[in-house]
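Student: Sharing a structure below in structure tokens format, with a few things to ask.
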Ligand SMILES: O=C(O)[C@H](O)C(=O)CO
Ligand SMILES: [Mg+2]
């Protein structure tokens with residue numbers, strides 16, 4: 001298996017370029033991040049070129065304090081589009097593979113209409129080589145978030161029916177509230193753009209908790225999935241001390 005270090009959670013004590021170099025030294029095959037916007041893109045690009053690691057993805061901004069994305073918020077289209085434009089510019093500048101279009105706290109038909117419209121806008125304006133991702137978040141960590149389940153996400157992707165808009169399947173979120181992680185991975189394989197993981201329920205390293213990631217990773221490999229899996233967990237201390245799972249799988 002190949003693994004991507006999510007630098008939104010791993011090595012957060014370092015600058016983004018240093019975290020990229022550290023991820024390379026630790027044996028990761030790729031990196032991904034959340035909100036890189038305070039780091040000049042040239043510095044990120046230089047670290048990616050130096051290490052040879054691909055940057056798999058980044059997120060649209062969350063919005064005002066307390067918000068968690070703008071793209072499903074009725075009446076906020078100008079800000080949502082600005083967030084999408086910013087993400088496209090940054091992703092293009094560093095050669096990132098995908099943009100996670102964050103929906104935000106909202107509910108109901110107007111929110112769904114706003115999300116669909118903003119996703120169509122994003123797809124129209126995003127270069128073909130950059131995927132757009134939507135990700136359901138579990139209700140314990142993100143109560144009130146618009147996108148809550150993989151079924152809801154799959155229905156939205158079906159309505160859009162646009163290549164290049166895909167599901168971010170985070171095994172942690174699915175494990176927290178939906179269950180049937182492997183069954184859902186298999187059922188949704190055709191629409192998945194990226195897979196992430198963390199222990200359930202604590203969101204720590206994957207060698208703990210109620211979900212057996214040795215089993216899950218083996219099933220993902222059986223699916224023929226060859227892209228790096230995103231280690232998006234909270235190390236609960238020094239990241240270097242949390243990497244026993246990676247060493248044991250190498
Ligand atoms: O929290 C997550 O799982 C995400 O992947 C994210 O991008 C930030 O919410
Ligand atoms: Mg995630």
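Using N, Cα and C of the backbone, Cβ positions are placed for all residues, glycine too.
Nobody curates TrEMBL annotations by hand; they come from automatic prediction.
The feature active site, proton donor/acceptor is assigned by TrEMBL to 135, 232. Residues or ranges marked as domain 'Xylose isomerase-like TIM barrel' in TrEMBL: 21-248.
I'm curious about the neighbourhood of these features; can you describe it?
Tutor: In the structure as shown, the Cβ atom of residue 135 (active site, proton donor/acceptor) sits within 10 Å of 22 other Cβ atoms.
The DSSP secondary structure for residue 232 (active site, proton donor/acceptor) is coil. Sequence-distant neighbours of residue 232 (active site, proton donor/acceptor) (same chain, 6+ residues apart, CB-CB distance under 8 A): 6, 8, 9, 32, 170, 172, 196, 197, 198.
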